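Noted in TrEMBL for the protein shown:
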type	residues	note
ACT_SITE	His485	active site, proton acceptor
BINDING	Lys87, Gly152, Asp352, Met358, Leu359, Ala360, His361	FAD binding site
BINDING	Gly218, Ala219, Gly220, Val221, Ile222, Gly223, Leu224, Glu225, Glu241, Gly311	NAD(+) binding site
DISULFID	Cys78-Cys83	disulfide bond
DOMAIN	40-367	domain 'FAD/NAD(P)-binding'
DOMAIN	387-495	domain 'Pyridine nucleotide-disulphide oxidoreductase dimerisation'
Amino acid sequence: MFSKVVPWQRIPSRCLKYSGTVLLRNASQSSSSGGGEQQFDLVVIGSGPGGYVAAIKAAQLGLKTACVEKNATYGGTCLNVGCIPSKAMLHNSHLFHMAQHGELRKRGIEFEGVSLNLPVFMKQKEDAVKGLTSGVAYLFKANKVTGIRGLGTVSGPGQVTVKKEDGSNETLKTKNILLAVGSEVTPFSGIDIDEETIVSSTGALSLKEVPKKMVLIGAGVIGLELGSVWSRLGTDVTCVEFLSHIGGIGIDMEISKAFQKILTKQGLKFKLDTKVTGAEKANGNIRVNVEGAKGGNNETLDCDTLLVCIGRRPYTKDLGLESIGIKVDQRGRIEVDKNFQTSCKGVYAIGDCIQGPMLAHKAEDEGIICVESIATGHEPHIDYNCVPSVIYTYPEVSWVGKAEEQLKKEGIKYKIGRFPMSANSRAKTINEAEGFVKVLSDAKTDRILGVHMINSVAGELINEAALAMEYGASCEDVARVCHAHPTWSESLKEANLQASFDLRIDWLKSPPQKSILAQEHPNAMKRWGYVGAVQQRL
């Protein structure tokens with residue numbers, strides 16, 4: 001993950017710095033305590049992105065490490081029934097949709113007939129999953145992490161009991177315990193999920209046939225991704241969302257509205273400000289009862305598949321937390337301090353089971369800095385404002401930092417820079433010009449406060465924005481970096497240019513007004529290529 005074995009530290013230059021030397025502490029010299037008990041420096045419960053990365057990092061730091069996993073394969077929800085299989089299905093369904101709806105013919109690619117082989121479609125997804133989960137097992141072996149199958153519970157201070165599949169128990173003695181137990185699907189009261197016709201996100205990844213009609217409860221990240229998959233494959237999808245917008249919490253409202261228009265054009269239907277009051281099976285179909293979020297407007301929606309995507313909740317049951325006094329909040333999240341330590345000394349927690357966004361990359365970073373702190377004693381640091389979020393639809397949506405609504409609520413004066421993908425050379429050459437990039441910056445300092453975008457590669461492009469924000473960059477900093485041409489990333493440069501100087505090189509929606517550039521850098525106009533009428537206006 002990181003090339004040097006060191007913790008992250010906050011330093012005055014606004015950068016993350018890695019020290020050259022790491023002094024490990026409390027490294028165990030013994031391999032077994034006898035009596036059927038194994039002795040470790042660290043036992044990680046859970047092998048999802050946070051858990052397996054933390055286990056490998058700990059082993060690289062010299063800690064004798066075990067990772068306990070209750071499922072048959074490593075990787076947690078993300079690798080097995082989450083991030084990875086859904087991305088395979090999103091990509092392949094997009095290719096099918098392009099072929100079926102004439103997008104390839106527009107490019108001069110002629111063919112006769114398009115059909116979907118769903119078993120082969122699903123097999124490609126499964127092959128991708130198997131390759132990555134087996135890769136985790138290989139990494140454990142290569143880094144000398146002891147992988148243990150079974151349900152791990154904290155049975156006492158410095159002790160983890162593993163219940164094996166055959167019913168036997170194994171006790172692990174350890175100096176430190178890391179809970180990386182992830183999350184589970186949030187159930188919908190009154191609706192029983194059978195994973196056949198009434199499904200969660202897990203069941204939606206393995207349907208045996210393409211549904212004719214699907215009702216989707218929840219138009220957040222997971223719901224929109226899976227709804228997009230089945231819509232592209234031919235399903236009539238209706239999304240029922242309690243909120244007045246799509247995309248979930250954190251999305252910028254301008255982005256959300258534009259995103260909804262794009263998805264509607266693709267065929268998805270939306271019922272916003274609407275709640276589901278119940279569902280029942282009848283005559284081979286499912287009848288879903290809905291009404292307005294504030295009551296009234298009762299309606300019944302018929303479908304053959306009901307997908308429940310109302311979010312996820314921390315998986316903290318059956319872990320033995322109560323036995324050693326580990327505190328959880330009202331939402332079931334394990335409470336931790338700045339070192340990720342729980343209310344019980346020597347027991348730590350990361351990822352979906354603690355506060356913060358339920359994102360694989362957030363869990364990975366927490367896992368690394370947590371075990372670095374355990375091994376070195378250095379205080380960990382992570383800037384959650386610089387953790388990006390992505391919706392992997394087509395086009396993709398991504399953001400990092402604050403949304404415009406948050407800045408208004410906090411009373412922060414800001415500037416906005418926008419750039420449409422229709423003016424981006426790379427987007428135009430491949431006929432994928434929907435969307436735009438939006439940059440928010442501090443009105444006084446020009447520091448980037450948030451970046452939001454819709455485009456075909458938003459999941460990749462947002463990382464440049466996250467890097468810039470992590471280093472405290474201004475919009476001018478990004479605008480003055482030479483970006484290769486023609487590339488998608490030029491759109492980010494252009495949006496920063498407008499936010500900083502109220503200028504656009506490749507796109508002039510309206511003539512620029514009196515700007516910071518004209519006031520403070522009168523000779524810079526020629527450097528940026530602005531001459532003639534535009535310069536005279538300034």
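Cβ atoms here come from the backbone N, Cα and C positions, even for glycine.
Feature annotations (TrEMBL) mapped to structure.
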{"residue": "Cys78", "record": "disulfide bond", "DSSP class": "helix"}
{"residue": "Lys87", "record": "FAD binding site", "DSSP class": "helix"}
{"residue": "Gly152", "record": "FAD binding site", "DSSP class": "strand"}
{"residue": "Ile222", "record": "NAD(+) binding site", "DSSP class": "helix"}
{"residue": "Glu241", "record": "NAD(+) binding site", "DSSP class": "coil"}
{"residue": "Asp352", "record": "FAD binding site", "DSSP class": "helix"}
{"residue": "Met358", "record": "FAD binding site", "DSSP class": "coil"}
Nearest of the recorded positions to His361 (FAD binding site) by CA-CA distance, picking from Cys83, Gly218, Gly220, His485? Cys83
Could you check the recorded positions His361, His485 and say which one's CB has the most other CB atoms within 10 Å? His361
As a test of the contact definition, list every same-chain residue at least 6 positions from Leu224 (NAD(+) binding site) whose Cβ is closer than 8 Å to its Cβ. Cys239, Ile246, Gly247, Leu263, Ile391, Thr393
Local confidence of the domain 'Pyridine nucleotide-disulphide oxidoreductase dimerisation' (387-495) - pLDDT mean: 98
Using Cα positions only, nearest of the recorded positions to Ile222 (NAD(+) binding site) (Cys83, Met358, Leu359, His485): Cys83
If you measure from the Cα of Ala360 (FAD binding site), which of the recorded positions Cys83, Gly218, His485 is the nearest? Cys83
Find the shortest Cα-Cα separation between Leu359 (FAD binding site) and the recorded positions Cys78, Gly218, Glu241, His485, and name the residue that gives it. Cys78
Near the Cβ of Met358 (FAD binding site), how many other Cβ atoms are there if near means within 10 Å? 20
List only the single closest residue to Glu241 (NAD(+) binding site), chosen from the recorded positions Cys83, Gly152, Asp352, Met358, His485 by CA-CA distance. Met358
Taking only the CA atoms, the spacing between Gly218 (NAD(+) binding site) and Gly152 (FAD binding site), expressed in whole angstrom, is 32
Work out how many Å separate His485 (active site, proton acceptor) and Gly220 (NAD(+) binding site) at their Cα atoms, rounded off. 34
Helix, strand, coil residue numbers for the domain 'Pyridine nucleotide-disulphide oxidoreductase dimerisation' (387-495) per DSSP? 38 helix, 33 strand, 38 coil
Calculate the distance in Å between the alpha carbons (Cα) of Cys78 (disulfide bond) and Asp352 (FAD binding site), and round it to a whole number. 11
For Cys83 (disulfide bond), the closest of the binding-site residues by C-alpha position, picking from Gly220, Asp352, Met358, is Met358
